[in-house]
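Noted in TrEMBL for the protein shown:
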type     : residues : note
DOMAIN   : 42-464   : domain 'Major facilitator superfamily (MFS) profile'
TRANSMEM : 80-101   : transmembrane segment
TRANSMEM : 108-129  : transmembrane segment
TRANSMEM : 141-162  : transmembrane segment
TRANSMEM : 174-195  : transmembrane segment
TRANSMEM : 207-229  : transmembrane segment
TRANSMEM : 282-302  : transmembrane segment
TRANSMEM : 314-333  : transmembrane segment
TRANSMEM : 340-358  : transmembrane segment
TRANSMEM : 370-392  : transmembrane segment
TRANSMEM : 404-425  : transmembrane segment
TRANSMEM : 437-458  : transmembrane segment
REGION   : 467-491  : region 'Disordered'
């Protein structure tokens, strides 16, 4: 029986020896060439969809600078509640959406749900004020439905990638996929700056055009997804029969991705009862609050330093650009060393430095540069940490239904942090935003505690199973998923 380190190095299913790994040459295939082909066909499409998803949920921050709240006669608290109801919709059906994905397939599901939220995102631009609370009510309804529809994408894509790639290959791809979030922040700033000049076109304020143009863009791109989003490996048309056979063989030797697993509520319950799954949830929960408070309030934070609305839109771009580069860089290094926990901890510490800088600047309007530097550290730490944290269930949960449930649970429980975060940055708290920055800082400190706990729990479990293997207490038999003593957890 291989040790846990050997298993992580080879990344094969613990009940399969290295001799059982398929030989690419026997299929007339270059494995590296096949991986490049998979990346070319799978990653660009889903990255574009997620970029649009994050753009459509966070462009409300840009719209606010262009007068959204004034036009709809919203108070500051009502605006924050509008942000909150988005996440209430987002987390409400994520587990169900993944079960739908498993039944109908990604080629139909992912473009469909994207097109639907694209239409809803466009409708944000036509919410009107007819007196009373009409504008606020319309804003609340549209934001809730937008969250409901967007909630089907991210956990679905994480599960989708787990059906194509081996365990050791998933983290890098998930991180690349998530890098679209910070890229969306950069694009959002550029687009909002440019669209802001459309103020008065067709008699509409600039904030309406932000929603309308970006929503229509999402819908058009989504409709194209019926052609560029690939189906499951067994149905995808861009691979030939030899490549399909080799993909199935390598996944069979590595994980459960090729199993013809029927849906069973017991597997859903298994995810709900697994303490390790709840640790993965806690890891993302302690990151989602700083993630979404930064993405939803960064334009307002920068504007409160004394910049004009247009300048604030542009100044959001550099921190997001840095975050994108570091997210990809951390993914490459983390994959090379096959470790996540230490890199998440380092990233969280980087963000802690950022919020410490923001809190320590007692007069941000006189020293705006200091606080602006703090936003760089915050973005540079938060986004890479989230990208790595989101790979835990895809790498460490075995059993298709259990993994699909665990992926959705992580987003659902994690985004409860976002629900809390949307109420923290009140307009009268600027420019220091002590409450918001302090809670984000506290959450990042908790994240380090959670990460150390995960590292300890998984290491002990791997060591326990290694010792049992040395004593000869492990026998071959039916596979029991990640509870099987032959399984080793990735750290």
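Quick reminder: no glycine exception, Cβ is built from N, Cα and C everywhere.
The transmembrane segment (141-162) makes no contact with the transmembrane segment (314-333): fewer than 3 of their CB pairs lie within 8 A, with pairs spaced 6 or more apart in sequence. Here the transmembrane segment (80-101) does not touch the transmembrane segment (340-358). Their Cβ atoms form fewer than 3 pairs under 8 Å, with each pair 6 or more residues apart. Sequence-distant residue pairs (6 or more apart) of the transmembrane segment (108-129) and the transmembrane segment (207-229) include at least 3 whose Cβ atoms are under 8 Å, placing the two stretches in contact. Sequence-distant contacts of the transmembrane segment (207-229) (same chain, six or more residues past either end, CB-CB distance under 8 Å): 44-46, 48-49, 52, 55-56, 59, 62-64, 66-68, 71, 106-108, 110-112, 114-115, 117-126, 191-192, 195-196, 198-199, 201. As a quick check, the transmembrane segment (340-358) and the transmembrane segment (437-458) clear the bar of 3 or more Cβ pairs under 8 A, pairs 6 or more apart, so the two touch.
Taking Cβ pairs closer than 8 Å, the transmembrane segment (370-392) reaches residues 154, 158, 170-171, 174-175, 178-179, 181-182, 185, 280, 283-284, 287-288, 290-291, 294, 298, 301-302, 305, 315, 318-320, 322-324, 326-327, 329-331, 334, 340, 343-344, 347-358, 361, 364, 410, 431, 440, 444, 447, 454 in its own chain, all 6 or more past its ends.
Put simply, of 174-195, 282-302, 404-425, the stretch with the most CB pairs closer than 8 A to the transmembrane segment (314-333) is 174-195.
Residues 43, 46-48, 50-55, 58-59, 61-63, 65-66, 157-158, 161, 206, 209-210, 213-214, 295, 298-299, 310, 313-317, 319-321, 323-324, 327-328, 330-331, 334, 379, 383-384, 386-388, 390-391, 394 of the same chain, all 6+ positions outside the transmembrane segment (174-195), place their C-beta atoms under 8 angstroms from a C-beta of that stretch.
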